[in-house]
Structures are given as C-alpha cells and as structure tokens.
Amino acid sequence: MDAQAETEMPTGSVSDEPFLGPLDIILLVCLLAGTAWYLLKGKKKENQASQFKSYSIQPTTVNTMTMVENSFIKKLQSSGRRLVVFYGSQTGTAEEFAGRLAKEGIRYQMKGMVADPEECNMEELLMLKDIDKSLAVFCLATYGEGDPTDNCMEFYDWIQNNDLDMTGLNYAVFGLGNKTYEHYNKVGIYVDKRLEELGANRVFELGLGDDDANIEDYFITWKEKFWPTVCDFFGIESTGEDVLMRQYRLLEQPEVGADRIYTGEVARLHSLQTQRPPFDAKNPFLAPIKVNRELHKAGGRSCMHVEFDIEGSKMRYEAGDHLAMYPVNDRDLVERLGKLCNADLETVFSLINTDTDSSKKHPFPCPTTYRTALTHYLEITALPRTHILKELAEYCSEEKDKEFLRFISSTAPEGKAKYQEWVQDSCRNVVHVLEDIPSCHPPIDHVCELLPRLQPRYYSISSSSKIHPTTVHVTAVLVKYETKTGRLNKGVATTFLAEKHPNDGEPLPRVPIFIRKSQFRLPPKPETPVIMVGPGTGLAPFRGFIQERDFSKQEGKDIGQTTLYFGCRKRSEDYIYEDELEDYSKRGIINLRVAFSRDQDKKVYVTHLLEQDSDLIWNVIGENKGHFYICGDAKNMATDVRNILLKVIRSKGGLSETEAQQYIKKMEAQKRYSADVWS
C-alpha cells in the first residue's frame, strides 16, 4: 500500500512538501517498531528454545528420520537390526511380551525393535524379506468377543481384505487370550493362518497364552522353544548367558521448572488443566462426578452407582458402550514402595530409552516425580511377572533371598510351581514381594522401568444418552479381599471411585474418562423382541437398554417383548436398582425374571429360570428372530447360559448338536447374539 501510494502521487507536489511528512513519520515509526518487535520475538523464541532444550531429553544421535517416522524398515536398516516385534495390546501385556522378546534378541544375534502397528506403515511388511535373515514376530491379544485390540484394527483389516504377496517374509505369532471367552485367541490364530495363506514362512509354531490361567507360564514355555528354533532356522548361535540390561537410563532433573513436569497427564503436558476436545484414550476428559451412591442395602459388600457429567465435552455415547477411567494408586501403597526403595518420592527425573531409534523415548510421560510415576503411571498392584523377579534378585544382599527369587523366576517346573503358589495364589504385588524379601532394596528408577503401565479400567455404561445426554452412569462393585498372607488387597479403580463423593459447598470431584465404542447394541427396530441375561453388575448395560425402550414407548412407538433375567444373593441386600426395575415391570416395559440365590434353602440362579423358560426363549430367538444378550461373568455364568441356549435350540428347533452350534454362530454374525463378559 505504501509503495503504491508513492507512485501515484502527483510529481508537481513533491517540491512543495517537506522530505518527510507527518504520515511518513508515523509509518516509519511503525515500521521500525515492527522490525524491533520481530527481532526481539525471534531472540525470545531462541532463548525459550535453549531453555526448553535443557529440560527435554535429546537423543544421543542425530535423528534424520522425521519424515519417515512410521517406516520400521528404514529404522531396521539404519540400525542394523533384523528382528521386529509387533504388538496388539489393550491392557499392556502383549506390549510387555513384545519388549521382552526384542530385548532378548541380542543374546541370539538378532538385535530387535518393538513396533506398534498403529504407528507403522504395515505395507512395509512386503519389504522385510529384503533384509537378510529378518524376522517379524507378532504378540497379539484378542479383545472382547474375538476382536483385535484398538491399535491392531487397521493391520487386521489390511491382511483380511487384501490379496497380498508375503512370499519371503519370516514370521512367528504368540497370541494372548482367555479360555473363558467363546472366541479364544481368535486374532492370534487368524493372523498366523492368514500370513501363511499369503505366502509367508512360519519360523515357529503359533503360541497361545491363556490369561485365565498363568499367561506368563504359557509365554515362557513358548519362548523356551522359540529361540532355539530361530537359531537353527537362521544358522546362528546364542551369545551365551542371559545378560540383564537396562532399557532406560536415569536422568535426575532438579533444575526443571514446575510447568514442565508431568503431574498425571496421559500424553499432552497440562492436558488436564487446559482441556480441549476431542477426548480419547490419549486425551481423557476430566469429568465431574455428580452422583456417587450406594446400591446395596446390607450384607457388607458395596456396589456404587456413579454419574459422570460430560456436558460441554462433545463426547457422545450409546447404550452398550464402555466408559474408560484412569484411576490412581493407593497413597499408602505408594509411600510403602518408596520407603522399601529408600527413595525421595519428590525427586524429578526422566527415564530415557537407551535405544535412540525407538519411537518410545520414555516408558511414561517424563519428566515427572517418583510419586507421580507410582501414583498415576505404574501398575503397582499387578502381580509381578517372572522377568521382574529375576531382575529384582540382583538387588538382594542375602544370598538365600537372591537364590529364592531366581528360583521362582526360572523355567524349571519346580520354580514355576513355586511362582504359582508364592505370587499368583498369594496375590503378592511388588510391595508385598519387597516386604517379604527384606534384603531386596532395588533402586526406585529400576522399579519404575520394570513395572507395567497403569491401564484405564473399562465399565459397561448403565444409562441411555436418549434420556441422559449430559451424564454417563456406571455401576461398579467395590473390590476388596483378604489374601492368604493376611493382607487386604483393594481394587485400584473402585477404591479410587469410592473416595470420590460430591459434597455440598465443595467443588465436584473429577476423574479422567473417555468413551470406548462397542458393538453391544439394541436392535435398530424397537419392536424386535430381546432377552437380556445380566446377574449382579451384569445388569449395567441392560439398564441403558431398558431406558431406551421406555423412551421409545413414550414416543408412541411399539416395543417388542423385553425380557430381563437378573440375579443376586438376597432381595433385602443386593437387589440393585430394585425400585426402577419393579416400576418398569409394572408399566409393562419389561418382563422381569429375578432369582435370589440365598433367599431359600435351595439356591436358585438365573440359569434355573432360563431352563424353565425354554418356550419363551425359542419364541423370541427362533420364531420371531429376536436378539439374545449376556453380560457378566465369562467363566461360569456366560458358559452355562450359552449351553442352555444350545439345549433350547436343539430341543425346540429339532436340530442336532452341530446344527445348534451353527445356529448360534449365525446369530452372532447377524448381531442377534451378543456377549459383554469379563473373567
């Protein structure tokens, strides 16, 4: 604009005016001020950058991989590695196993790296064969009803729906599942079979771990045979004894400013103070708790009804979805662990990956304090796996203690049996282990490296957004039990929730949450009949379903027969939501079938009621193509209910055992048979 004004000025007027007019002076001052501001801003940024560098952890080698961060092939090539271990993990176990395999590879001249399929360009698997003597291992958990984990969905879809040429790819698969579920290890089994179909070369047999038993034992047993087979296949030899190596180095950072220290955030610094959507697993919403009331009337046990306020969060949910909550560990347990490790819990530190090529620079957000790490980031109540005990053994000053920990972490049958008895059956967490092995005093930073990450806890949502659009309800039993050693163990999440009570005149307590979508859904047409089986807190999602049916009826729509089977111990003690259910029953919204197991001499369960109602069941699922739902205990109840259903299909439908099994499989494929179960 200035230059243009100058050229359009009449030439005759120039000599009549001063060299610099008032407007020119103003413009010149603005220009100089702007230049000075720009230079100062640049200097300030430079200073800020240099300050920030002193707080952050810089890799020891120059990272030229910015543009190809998701290229695992280039990372393998640039670092001379031949082993890549992918993980599909929902709770952290598969990721932990993957890390252990990659770490052990050094012993077998197979320097490895861990990779998250979600963060990789998985099409590069087709190029892995170009790296000499390379191997891809997949540690894949099966989640829910035979689903891949969230971080593995895209990879699973890719190999499922594309006709790929995997010739030359060497691979092995270890699956993580639970035998109490109908689709035991479905993901691991499928990926192993599918890779072979696509021409890849299976180096070692499929391993299947059962989390209902001791999954650690399954993994070790598989791993014991895996490495010798890999050595034979590639013609390599072990470098010798197992060498314990630290994956992370410690950097204490007393100079870091308070505004750069993580205080419990999952990913982005200050994300819990400056909340912004969208909210998800890496950016949870700090939801106020509006209601936290007791549902049990007596009996000594506790069941909570909790309502989270999500107004303004832009989060949406449907009946049947899950609410995930990030809990914190018990303060007393954190203090005890700090003392056992002779640690100052207020020390600010970072753990930095010694592998500079790894995309995982820290095991959890850093820098932080030991107190924050033990409170927010580490699973301190989990039963420690054998690799943790093996490393803790090195910090025993008494030889007998060292030998004991080495023994129970060994692969010898007697060692495995002792581990089962001393750790699994006695429910000893890391605090209990250190209390019972008095000469073991590991440094706190190594404990922080060894323990798995604290995972979010998932709860079936017990409300419908059609009636409660701004609140999410959950129903949770307080977990508390005495162990064989006389200790009182408490559930991490439910103990945390039990302390979160809204009080008049005080700010509402807040909890980090996010919504996880589910396939557990009511049929799209409200007139479709449904049967719901949900004893105890298995009632939770069905409370949302019933609210939805009630809403449809109030809108003037026809609703199909809605039968609920609910069971508890005693009507007078643990009949949760009794008033609501009885009201729905009176108004004809539901056909209520309730079993109180201890209100009479002979115990009565929901399974007994189902056996009595074979005509009703067949009328719904056989004659009217209705939907059948189960929610609750996977190990016993869900299996028993499925068997009763098979019996009804055989007897009322006139089908053979095989045909009845196929009938249920077809119902599953049509989303007419759904289970939301846990063990």
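Placed from the backbone N, Cα and C atoms, the Cβ positions cover glycine too.
Feature list (source: TrEMBL):
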type	residues	note
DOMAIN	83-227	domain 'Flavodoxin-like'
BINDING	89-94, 141-144, 176-185, ASP211	FMN binding site
DOMAIN	282-523	domain 'FAD-binding FR-type'
BINDING	ARG301, THR537, SER597, ARG598, LYS603, VAL604, TYR605, VAL606, THR607, ASP640	NADP(+) binding site
BINDING	ARG457, TYR458, TYR459, SER460, THR475, ALA476, VAL477, TYR481, GLY491, VAL492, ALA493, THR494, TRP678	FAD binding site
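For the pair TYR459 (FAD binding site) and GLY144 (FMN binding site), the C-alpha distance works out to 13 angstrom. A simple way to gauge crowding: the CB of SER597 (NADP(+) binding site) has 16 other CB atoms within 10 angstroms, across all the protein chains here. Looking only at the binding-site residues GLY144, THR475, GLY491, the one with its C-alpha closest to SER597 (NADP(+) binding site) is THR475. Figure note: comparing Cβ neighbours within 10 Å for the binding-site residues GLY92, GLY144, the maximum is reached by GLY144. Here the C-alpha separation of TRP678 (FAD binding site) and ARG301 (NADP(+) binding site) works out to 20 Å. Checked against ARG301 (NADP(+) binding site), the binding-site residues GLY144, ASN178, TYR181, VAL477 differ in C-alpha distance, with VAL477 being the nearest. Separation of the C-alpha atoms of ASN178 (FMN binding site) and GLY491 (FAD binding site): 21 Å, rounded to the nearest whole number. The predicted model assigns the domain 'Flavodoxin-like' (83-227) a mean pLDDT of 94. Sorted by the number of other CB atoms within 10 A, the binding-site residues VAL477, ALA493 start with VAL477, the lowest. All protein chains included, SER89 (FMN binding site) registers 23 other Cβ atoms within 10 Å of its own Cβ.
A distance of 28 Å separates the Cα atom of GLY491 (FAD binding site) from that of LYS603 (NADP(+) binding site). The CA atom of TYR181 (FMN binding site) is located 18 Å away from the CA atom of THR607 (NADP(+) binding site). When the alpha carbons of ALA493 (FAD binding site) and LYS603 (NADP(+) binding site) are compared, the span between them is 31 angstrom.
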